[in-house]
Structures are given as C-alpha cells and as structure tokens.
Amino acid sequence: MAAKSDGAAAVAGPGPEGPAGADRGGAGGRGEAAAGIAGPGPVEAGCPGPRYELRDCCWVLCALLVFFSDGATDLWLAASYYLQGQSTYFGLTLLFVLLPSLVVQLLSFRWFVYDYSEPAGTPGPAVSTKDSDIVGAAISTKDSAVAFRTKEGSAELVPRPAPSSAGTYRRRCCRLCVWLLQTLVHLLQLGQVWRYLRALYLGLQSRWRGERLRRHFYWQMLFESADVSMLRLLETFLRSAPQLVLQLSLLVHRGREPELLTALSISASLVSLAWTLASYQKVLRDSRDDKRPLSYKGAVVQVLWHLFTIAARTLAFALFASVYKLYFGIFIVAHWCIMTFWVIQGETDFCMSKWEEIIYNMVVGIIYIFCWFNVKEGRSRRRVTLYYCIVLLENAALTGFWYSSRNFSTDFYSLILVCVVASSFALGIFFMCVYYCLLHPNGPMLGPQAPGCIFPEAPGPCGPPADAITSPPRSLPRTTGTERDGVAVGGERAGTPTLPVFQVRPGLPPTPVARPLRTEGPVIRIDLPRKKYPAWDAHFIDRRLRKTILALEYSSPATPRLQYRSMGTSQELLEYETTV
C-alpha cells in the first residue's frame, strides 16, 4: 500500500507502428524486454472495453449496506453497555470501533492529500498531446515532479496553458472547497463511504459518456475501487474480527441466550469480514489484465466460504477465551508470529519499499489468525490444504479444552456449541471446494483449465501439424519424355493424364474484415518489473504513476498502453494491447 515508487521512471513512447527500435527493448534504457499491459480487463484490439453494469452498481450498494450495518450495530451495542452501567464492556466495544477507524481515516486522508496536491513549479499533473504519436516524451515520477522532454520535430507533450486570473481564482476556490469537504468527511469517519460513492459515480459516468471519456472514468473507477478495498480489508481485520471474538466471548461467558442487539452485532461483523475478503479478491482480479475476472457467482460463494470458516474459527476462540483468558492471549500472539514468519519466508512483493512490505506482512499475519488469504504466486492448493489442516487441529484443540472444563449442568448446551463449530467449518470447506471445482476463474481445479486472457484457446500439443510431412524427402526418379507426353507407365492406358506431384488446395477467398480506424496512443514504459499476482500492479499502489497515467490517458485521443520491464526470459508476446 505504498505511495512512492522510489524514483522509478515512466516513459511515454510510440506504439508498435512507431519508429523502429521504440516498440521493443527495455524501459529506462537498460535494454531489457518490456512486459505489456494496457488498461483494465482483457479485450481484443478494436473491440469495446469492459462496461460498468447494473450488477456492479448493486455490488457497491451492498458493500455500503454491509459497512453501515457493521458500524451501526457496534455503536448501538456500545451505547447499550453504557446505559446498563457496564463500563468495561462499553470501553472495549468502543475501542475496537474508534481506534481502527482512526487509523484507516488517516491513511485515506494521506492518500487524498497526495492525489490532490500539486508539485511546486508545475501547473498540475494534467498534460495534453498535440498528436497521438508521441516520440521520446519522458515522464519522470521522481519527487512527484512531472517533467517532459521531447525530440525535435516530434509531437510535443506540453503542460496545460496557464489560466487567466479569474480562472485561477475560481480554481483555487474549488480546490479549497474540496479540501474542506474531504477534511470534514474524514473527521466524521466517512472516508470509505465517500470512496464508495465516488467509485459508484465514476462507474456510472463510464457507462454514460463517450468512448474516450468512458475509458478515463473506468480507469478512475478501478483505482478508487482498489483504494477502498484495501482500506476495508485493513479496517475489518482491525475492528470487526476483534469485535466478533469479544462479543462471542461475552456471550459464552454469560451462558444465556443472546440478546437481539448482540446477535445483530455478531452477524454484522461476520458478514463484513466475509464480504470484504470476497470484494478484495474481485477488485484485484478485475484490475489485472493478465488474469480472468472473478464472476459474481464466484464472489458470492467466496462470501459463504469465508462466512462459515470464520464463524467456526471465532466461535472456537470465544469458547476457549471464556475459560482461559491468559492462555488465549498467548495462543493468539504465538499464532500471529508463526503466520507472519511464514508469510515473510514466502518473499511477498506487494509494496514499493521494504518497511511497507514488513508492515503488510504483519497485517497478513493478523488475517491468517482468522482465515486463508493468498499472498504468493502459483498454485495454492498445497498451501490452502496445509493451512486448513492447521486450523482444523487448532479449532478441535481449543473446543476440546473448553469442553473438558465445562459446567456439567449444561451438557446439552455445550454439545450444541461443539456441533456448531464442527458443522460451520465443514460447510465452509464445502463452499471452498465448490468455488475451486466449479467457479474458479481459471477453470475447474480437477478438470481442464479454462482459456487464458492472452491465448483464447488452450495451447495444443507441441509438434508438426496433421497435414505436415514428417518423413525426410526421398529422391524421385527422373521424368522421361514419354511420361511427359502422357504415355502409359506401368500398364496404364496412354493418354490418361497423371496427377501432378504437387497440388495446391483450393481455399476460400479471404473475407474482408472491417476494422475500425484507431490511432495509436502513447506507450508508457515503467522502469519497474511487473508484480506477479496476487500482488497489485505498481500503477495501482504507486500514486505517482497513477497520476501520470491518468493525465496521459485523459489528454491522449487513443488508449495509452503500459509496459513494465520484464525480468524473465523473452516471451513471444512482449506487447499486447487492451482497450480501457
């Protein structure tokens, strides 16, 4: 979740049809191959890009409903504890609401400050292009400054012309109003609500506007969705997860039927955790054009998967904590340390700096206390199996220790709780298997893999085609004059025409395909290797790159394409283009 690129450069150059030598090669002058990426979503060149649909709008509205229900029930429960005179429960409940919210609002406001700040001495990040063939224009992201260098005789990338005094005054007033509004929104702890509404607005604008503005608004919508998904992931595991364990522990400790308000708070926290995890994975896949998007069916099944596994996990925690409070704290700290070390040992590559990567790994360690979260590239089947085997053993041990120290007058009640833990975990594993076997974007886990984004069909077996001649050529006898004149050879009737040795198969005439005229836009070469899934691309977590890309995309009449520096071996497809 970094905001800096440590001086990485983004270079805008010509497309594949531009001058020779500019379409291949390394970014930053290192002579290394460049990995191509362009905009959100895999689409064919010349075809319309992904559109914002009604179900996308409904998904955002449901996310807002989950957010408000979680916060409102927690605050309502804290007020109930206060009115009942239970100051300890009131303080703990309010602490788990306010402290994570303050942390997330500070991070969100920091992102806003960077996004809306202007470098000294420049009119802002907005730029314009005279033509679409931009040759040699370099955009540096060092120290948040945007500099432009062009070759002589080429199309020029120029800053926006200086506004008049009246325009400057109006612009400053607008900026002041935006700053005051954002400050008020974040003081009211509504930064995420603002980002949800803005993502909804940008998505609707991308549907209603023309082609060029549609792409621009769609990019902005994806950036805003990525921001709010990261913020929600951080907040839910700092607020909803501890709140869920606390309320369940109090419920088990009292040994009576739950009140309606307590049950609502527990349910809202549980749904918030499951929803945030599924929403994060969906936005992450939607943002990468090298991965197939996650369908809404898969997202709903992911919600059910995490809902039941987290419910079993937190109930086991609550049962154990209701009897062994000190040992429960030791267990949580030990589990967090082991999981954090496991994540660090996997050498994740999510952030732009070392210290931010360490902080991120610590947050992932907190997530691993409750549920599975993929942080490493490649097939995760073994890691998922190992993790849930450990969780199963821990849940059984925690529940067993609590059951051994139970009150024997409530045997039936204790047996019901044990069955709830076991059945909830089994249901969660069932929905996980349904997701991986039927609804995974890459295809069934045990069946054939679905076609990828770059290759529409699965590659066939290596070797020559069926019509190819695999045997080496043999020497043919010389054709005599008699044979050329049609004389029978080997008993055939004279005058019978012989078939030619080589034949050309008649083929259908090529059908002319009407291709829409399109202008090649700038190629933005980023002097960084592209991060591998499940990490975010650098232009999503580095806000300098984001500002530069949005400025070029808005000013260019064609879709800009991004190229990351490739650290691996050369591939057949070094550049591929998608429409935003």
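Note that the numbers count up from 1, one per residue, in the order the chain is shown.
Placement of Cβ uses the backbone N, Cα and C atoms for every residue, glycine included.
Features of the protein shown, as given by Swiss-Prot:
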- 1-35: region 'Disordered' (REGION)
- 1-22: compositional bias 'Low complexity' (COMPBIAS)
- 59-79: transmembrane segment (TRANSMEM)
- 89-109: transmembrane segment (TRANSMEM)
- 260-280: transmembrane segment (TRANSMEM)
- 303-323: transmembrane segment (TRANSMEM)
- 326-346: transmembrane segment (TRANSMEM)
- 355-375: transmembrane segment (TRANSMEM)
- 384-404: transmembrane segment (TRANSMEM)
- 415-435: transmembrane segment (TRANSMEM)
- 470-492: region 'Disordered' (REGION)
If contact means at least 3 Cβ pairs within less than 8 Å, sequence distance 6 or more, would you call the transmembrane segment (384-404) and the transmembrane segment (303-323) in contact?
yes
Might you confirm whether the transmembrane segment (303-323) is in contact with the transmembrane segment (260-280), defined here as three or more C-beta pairs under 8 A between residues 6 or more apart in sequence?
yes
Are the transmembrane segment (355-375) and the transmembrane segment (59-79) close enough to be called in contact, which here means at least 3 C-beta pairs under 8 A that are separated by 6 or more residues?
no
Segment-segment contact (the transmembrane segment (303-323); the transmembrane segment (59-79)) at 3 or more Cβ pairs under 8 Å:
no
State the residues, same chain only, that lie 6 or more residues beyond the ends of the transmembrane segment (415-435) and have a CB under 8 A from a CB inside it; answer 'none' if no residue qualifies.
252, 298, 301-302, 304-313, 315-316, 319, 384, 388, 391-392, 395, 399, 403
